[in-house]
Amino acid sequence: MHSIFEIGDIHQINERLWQVELLSTINNDKRMTELTDYIRQHTTKSETHPWFRLAELFLQMGHHDEAEGILQQFADFCLTYAPDSMSYAKCLHGLGLTQQLQGDFSKALSLFEQALQIYTIPDKFRASVYNDLGKTHFSVGNYSTALLNYKKSLEILETIIDSDLRPLILCYAYIGETYLRLGKARDAQFYVKKAIEIGQKVFPSVHPHLAIWYTLMGEAYRMTADFTNATQFYEKALKIKEKYLPPDHVELGHTLSELGLLNEKLNNYSSALSYHEKALQIRNKSLSSNHPDL
């Protein structure tokens, strides 16, 4: 197994140069080994067409124009020779993702809808498109429409026998998050709990997804004034975030601040003060002096 390092601290030396301190982890660290094995397992070469893999790589690198160019070339070819093919549907879906990432949500929605019009696509792919329709509507605040599409995706996923449970787990989480935005905390708890219960069996214990879901569950409990359970879930989220985020990351500051507020609600003022002080230290390092969060 290759050496694994955690980011210890980051210092800016000058305008274009940063010093990153790496901390060597112990090879027998069970949680880090689990995470490494998981990443290796899910980044192996798939049976997807090389053009799609190349476009996906460009998307992951943030090169949206290059990804869009590759997908558009392939889409033009498919439209001419195989307009009802799965490959054309994948191109439309991929182009929709590029538009989504670039913030052109109306164009993304149109491309996703076009992909759904190709009736030869398999159920699992159709569920994926509905899921991305939901995410796009969520991004523009259309929470009711987002929920409708997520539930269409869930309806399909719950009928599919598949060893890969990740799409189902993520769908539960997206539905839970959407219910939160709609102010329906009990419904949010129901779906996020499902995501956590299955996700704990599928994802490594330090996977970022779990931190997100613990945070969502904490927020749902806070909405129902159950501050004790809310605190417990925010603490779980914090422990994971401390594993994969730099020590001065603003997200850590946000979580610490939330824990401070929750401890105030519980009259645990010493703990509240400690969390707020830690949050302030991070924000002083990571935010500009005139930032509103300070």
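Keep in mind that glycine also has a Cβ here, set from the backbone N, Cα and C atoms.
Copied from TrEMBL, the annotated features are:
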type   : residues : note
REPEAT : 89-122   : repeat 'TPR'
REPEAT : 127-160  : repeat 'TPR'
REPEAT : 211-244  : repeat 'TPR'
REPEAT : 253-286  : repeat 'TPR'
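Taken as a whole, the repeat 'TPR' (89-122) shows an average pLDDT of 92 in this prediction. Counted with DSSP, the repeat 'TPR' (89-122) comes out as 25 helix, 0 strand, 9 coil. Counting Cβ pairs closer than 8 Å and at least 6 residues apart in sequence, the repeat 'TPR' (211-244) and the repeat 'TPR' (253-286) reach three or more and so form a contact.
Within its own chain, the repeat 'TPR' (253-286) is flanked in space by residues 215, 218, 222, 227-228, 230-231, 234-235, 237-238, 241, 247, 293-294, which lie at least six positions past its ends and keep a Cβ under 8 Å from the stretch.
Sorting the repeat 'TPR' (253-286) by DSSP state (H, G, I as helix; E, B as strand; all else coil) yields 31 helix, 0 strand, 3 coil.
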